[in-house]
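Following: one structure in structure tokens, then a few remarks.
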Amino acid sequence: MVRDVYTLAAVGTGLAVIGLSTLPAVSGLVKLFTSKRDTKQHIYEDEDGKATPESMKVFSTKRSKVVIFVLAAAGCGISIARLLLSTHGEKVWLDIFLSSAAWVTLLFQAVIIASSRNSVQAYDLGLYTFLSSAALAGILLIQATEKADSLWQSGPATIGLRVSELALSIVLAFAGLSIPRRPDVFYNGLLVDRMYTASAFSRFTWGWPNDLIALATKKKDLDMADLNRPDHFSRAVDVSHDWKNHNFKHRLWLCIILAHKRAFAVQWILTFVTSVLNFAPQWVVLQLLRILETHRAGSGYGFDVWVWVVWLGVVIVAQSWVESHVYWLSWAEITIPIRAQLSALIFDKSMRRKDVKGVGKSKKKSQNTDSTEPAAPGPAGETTATDTPKKDTEENDEEDIQKESKQGTVNLIGVDGKRVSDFCSYQNMFPGSLFKLIVSLSFLVSLLGWIPLVAGFSAMLAIMPLNVYFSKKYAAAQDLLMKLRDEKLEVVTEALVGIRQIKFSALEPEWEKKIGAVRERELISVWAVFLADTALLFCWVTSPILLSAISLSTYAALNGSLTPSVAFVSLGIFKALQVTLSAVPELTTDLLDAWISVNRIEKYLNSPDVSPVSKDAPEVRFENASIAWPSDEDVLEEDKFVLRNINLTFPKGELSVISGKTGTGKSLVLAAILGEVDVLEGNLYVPTPPTLSHRHDSKANKSNWIIPESIAYVAQIPWIENASIRDNILFGLPYDEERYNKTIEVCALKKDLEMLGDGENTEIGANGINLSGGQKWRVTLARAIYSRAGILVLDDIFSAVDAHVGRQIFETCLNGVLAEGRTRILVTHHVALCEPKTKYLVELGDGGVLHAGLVSDLRKEGILQSIKRHEQVSDEVEVEELATAVNSDESTDGEAEQSGDNALKKVASKTVAKKFVEEETREQGAVRKHVYATYLQDSGGWFYWLFAVVLFTVVTSFSVGQSWWLKIWTGDSLEERTDAKHIFNASREHGFSYAIGVEQTSIHAMAAPSIQTHYSLFFYLGVYVALAITSSIFSTLRFLYIYIGSIRASRKLFAKLNFTILRAPVRWLDTVPVGRILNRFTADFHIIDSQLANSLSFGASSFLSLIGVIVAGLFVSSYIVLLAAVLLVICLYYAIKYLAAARPVKRIESTSKSPVFEQFGSALSGVATIRGFDKTQVYVERMHKIIDNSSTATWHLWLFNRWMGWRMALVGSFFATFVSILILVTPGIDPSLAGFALAFALEFSSCVIWTIRLYANVELNMNAAERIIEYAEIPTESLGGASPPAAWPTDGRIEVEDLVVGYAPDLPPVLKGLTFSVNRNERVGVVGRTGAGKSSLTLALFRFLEARSGTIHIDGLDISKIKLHDLRSRLAIIPQDPVLFSGTVRSNLDPFDNHTDAALRDCLERVQLVSASAETSGAATPTGSSSPAATIAIKNTNIFEKLDSQISEGGLNLSQGQRQLLCLARAIISRPRVMVLDEATSAVDMHTDALIQRSIREEFTDATLIVIAHRLSTIADFDRILVLSDGRVAEFGTPKELWEKDGGNGGEKGMFRAMCDESGEKEKLRAIVFGEQHS
């Protein structure tokens, strides 16, 4: 009776489903008659993209519609036939009538589908047909099960009709899923992912990437171009717009939930379903085992037993499908969209955010600071000094450090965004754990009863404190590890950014130790994590063992016996439950990590945006304005660098010049014009430019090119993108040939482009790495000149260009045809050069404006002369100005003659045509054997791994042994309750069928139940617990053992990489972006440290468990081996296809991360330039594309994972079903043996999946090892050579003989037979026009370029024969681009504490950074001046007064000039015998430069000086001057000798003399040369 009620309820539910599923078809019918028929075929379009005529042509739904109609009609016909043939009673007739009604409904649905003209509507209706057909199949199956006995007795026709009807309903269900949803759609010309294009069957079985997997198998590789683009649910631009449209005002975590509430809701619902389905296989096994336990030997099995076997397969498939869908939903609809959304939002914010970069001091923290200049590098590297805290700033918490550094901002995307999005994918495990706990406890109570369960859980509770304790240890260790990883990242970044300085100073061993020390601390922390992890694993392994041991023994004690159904089913539930509960502590730590990260992102997103600080006006004007560098917290007033009470009006369409000593705030005024400052009081007026959308750049032509209100900006540190020179100049504007060519000409780039291998198409590395200082400046100047801006804001453009080039730029560029009518505001020290054409002049000093006005007015008042005197030494008023820079423009030597530490950068543009920075290489196919061999060797060698195999095998044996002992125990319990003789006779009686039906093996004979001995409960229990404890100890030890090897391998690989990268050739370092190398040091080592060990150990464990499953099956029948072999071959087929696709995609994913960080880092550096040019939207769109690339790779990685997982689950369900069939067909099978075999059979699927997935993980994680080993094995610089004498060089004599040097073997030489000599303590100036070979000479001296032929001898020693380290450590160079490291003034001057504070202070005085007297000079603001601004009460203090003053990363809290001076001080303290200065004071004001030159003359009386001249006056009184031309010595002699080559008496004018004549201040230089003036 009860059964009838259940049947009726099930049938009623099925009919209700069919009825409800028909409603959409009725709606479709109404639409069909009410809508107008449109015969015209439209091109399909939706939010994902638009179809093409080609994709529309190949798209068709006809076949699916025909099949659905035919199947529905056939089913309808059969059901009516059954109705007519029905001879049974009223109830049977009603059943058949109801099923016929259902078929008629299905036929109606099929007709509506066939007549639907909308493919998406047909697709949706097909889903309802699937539901209806599945419900009908369920009804038919229930009816068949209920009437199983009468059905067997009815005729074959009835059975045939029944089976046909059931089969048709199942096939129709799948046919309903076969309708393709839409044609292929494209977005920006690229194919969009086919998830919403393919049929529902393909979508829900992850079948749509079949073509891609086939392509990967065929090509043995995949490229980004092969992967389909994201749909609108995960496309960065769409998820970003979606977020903005919601206009959330809540906390960020709540906003994320609200933005994705539908996906989260579905995820939680499916998680609940999974929690129930997880235990369904166990429940079915319970029914089977109970039937076996009560089954009388010799009698057959009823129909219901076989139905349970079918159900076993069904529930395993259903559970696998729902679980797979939860995983897929978690990644595809939650993680990937959220990561894209957060990344887009963070980048978008960075383009709007206030540019706060300095280490500020809030009022909350009162630390002492010194400051010479404003609070940060000004925009885009307008590096200016700032308030910088003392050492106690280092104790700032992590968030402050994160906020302050650029790297910290990049980490918001790289670390925090990933943490939050990853956590979103598995937060459902919290409710999932609760659901599973409730379901499993209900199940266990019904199975065991309350008492055994409570006893078992008491053991769990006993272990819980241990679990909590080790979870806390693990969380703390992970937290420390994250901090140490950040620290390592900072140290490695700094080393890579300053690698040239490290190499010039031969500090590789010291930096190797420094990085190694941080790494060692990191490894200690990794080991602490491993130990805590091992302890957690011990709890994880031990808990289910104790839980099951205590529960089962309590049950056995209470009931006097233990049946197989109770033992094996409860064991399976305990295992599943423990996996669930053990994840909770780790989930909690992940929750805390995600919470910290989401708050950090929220803090960043809520930080202040750049607010408009200026009012609209026709010209740029300051009215009583006080301005300071931006800060986003309350900074103490005295700690800000402030320019007060500024009153300036820059005349429209004219040239205005801002001058002042180093560190007086010139860049701050420019930043104010760009809106990148805080206006404390007063008003600032700047014309308001039109928005990007109103500029219509694409339609720009000669007549409307200049937009008077628009601004273009050239920063003090030029910001250049990784693109071609032409793209850098055009900066997104249309190409106007005439304007472009004129721009190239006036910016003096013509010669450079001729020299560069690919001309204007030469690709420039990130930050202009392969250009010289001068070239970088001129390219950024060209960008501003070419632009449509009516206002040009230029920061110090003359400091890195030659005298003649400077004059040319001034005349033809700043005052030429392209500058006509444009407002030009220029910061420069070269007042005299600019004076003739300057309309308005400003001098800054003492925290305000010293003088400002029209040049004509200042001249009348005599102030102009005073300004020029401030800028220069009185005797050299105009000489130095016009001698601008003999050579700071190190443009090209065949490639690009580099300045100092930029010197090798140019080479690659010829060798790698148009690709300076090559695409990151990806290996193809399987990871090379060499990589495995290296890793295995570094982790401990063959003996270590042999022992590991033994250890893992022992653990698996214990696992099988434990279950086997349970089988013996339960078998014994059964025997005690059964007549032993009956069993014996039954087995003898069936001996023949044993031999025929199932091949008997010795193993099977072993498995036959023993009938001789019955042991006590305590005996069985004792052995079981002993096995359990031994198993848990060995299980834990195997992980610890693998961790030991992992740490060993990590240590060795890091040491190799660290050694190699620090000694890599500079040319290699230049062509590889820093982000790419950092990826190896951070992300790849993160995998090797933390993930690879787990993948190896869990993978080996899964593989051996798989073998254990097969061995367990062997105890039932040897046919299991055949079955397993067939299924494993199928698994292998899928695994090979999966790996062929997943491998390249994982590599693409690894390489797609770098561009995100590189683009973000580059844009952060150039944010002021980007905003100045109003190009933020362009960069946001570009970032969206890069984020989409990263999303695409991750999407496909998970798609292939699900493709494989689902197919493996199907195979696994076959295994479990076949094992249960074999058990049933094996006569007289022992229920305990059946329980043993089924318990393992259920694990087949998960063992296969995990084995393949973890093997894939090992392969994909080995990809990290592969990338590290690739870089660890690059050729290094020469490490051989002899050691020179300890005191070498004693004299500093240099002899260069017939020197030939080139940048690469396939490039022409840049120095062509150079011969000259320098005597002891001689001062030699090196001059020559662009591309003469000046910097190549310095590179050859330091052996950055090895000689092809010829020699350089220093004190008689051939430098090519001695060790590189010895050579570079005994010479000193001050490059043009100064490199400072984060730390203090002291750590930069004397990184290894070799000198006293007094000596360091003395050096700072010599370079004019501090003054011995109360009055500071040069870098700091004078305190005792009688100028008008002297009345200002608050002074900006001098950062260099305290040696403990903080220097930020890259020295960005100092001005460019201050950085150069600090580098000079660093060189002075080492007292070298040979010193090379490469434009070492190009960014210093004239007055300070003159003092420094004097200081150098006084300090280096006992050293040989080689100076690549910056200003002609610098070297005019040197001992000798070397003039280079085209890589050869053109002239070499004293200044006097060279001066006298004046072209008189028919002689040819010398090059030096020509340069002096061109400089425009010949007489002044002549006075210096002949000693009539001294500086």
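In case you wondered, yes, glycine gets a Cβ from its N, Cα and C as well.
What TrEMBL says about this protein:
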COMPBIAS  372-387  compositional bias 'Low complexity'
DOMAIN    269-593  domain 'ABC transmembrane type-1'
DOMAIN    620-871  domain 'ABC transporter'
DOMAIN    946-1260  domain 'ABC transmembrane type-1'
DOMAIN    1294-1551  domain 'ABC transporter'
REGION    358-404  region 'Disordered'
TRANSMEM  6-30  transmembrane segment
TRANSMEM  66-86  transmembrane segment
TRANSMEM  92-113  transmembrane segment
TRANSMEM  125-145  transmembrane segment
TRANSMEM  437-464  transmembrane segment
TRANSMEM  524-547  transmembrane segment
TRANSMEM  942-965  transmembrane segment
TRANSMEM  1017-1044  transmembrane segment
TRANSMEM  1096-1115  transmembrane segment
TRANSMEM  1121-1140  transmembrane segment
TRANSMEM  1208-1227  transmembrane segment
TRANSMEM  1233-1252  transmembrane segment
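Fewer than three CB pairs closer than 8 A are found between the transmembrane segment (1233-1252) and the transmembrane segment (524-547), and contact between the two stretches is not assigned (pairs 6 or more residues apart).
If you look at the transmembrane segment (1208-1227), the same-chain residues 6 or more away from its ends with a CB under 8 A from one of its CBs are 281, 288, 292, 297, 301, 305-306, 309-310, 312-313, 316-317, 320-321, 324, 990, 993-994, 997-998, 1113, 1116-1117, 1119-1120, 1123-1124, 1127, 1130-1131, 1134, 1234, 1237-1238, 1241-1242, 1244-1246, 1248-1249, 1252. Touching of the transmembrane segment (942-965) and the transmembrane segment (6-30) is ruled out by the presence of fewer than three CB pairs under 8 A, sequence neighbours closer than 6 excluded. As a quick check, the transmembrane segment (6-30) and the transmembrane segment (125-145) clear the bar of 3 or more Cβ pairs under 8 A, pairs 6 or more apart, so the two touch. Residues 275-276, 278-279, 282-283, 286, 539, 542-543, 546-552, 554-555, 558, 566, 569-570, 573-574, 576-577, 580-581 of the same chain sit 6 or more residues outside the transmembrane segment (437-464) yet have a Cβ under 8 Å from a Cβ within it. When averaged over the domain 'ABC transporter' (620-871), pLDDT in the model lands at 84. Remote same-chain residues near the transmembrane segment (125-145) are listed as 7, 10-11, 13-15, 17-18, 21-22, 24-25, 28, 64, 68, 95, 98-99, 102-103, 105-106, 109-110, 112-113, 116, 151, 162, 165-166, 169-170, 172-179, 199-200, 303-304, 307 (criterion: CB distance under 8 Å, separation of at least six residues from the stretch ends).
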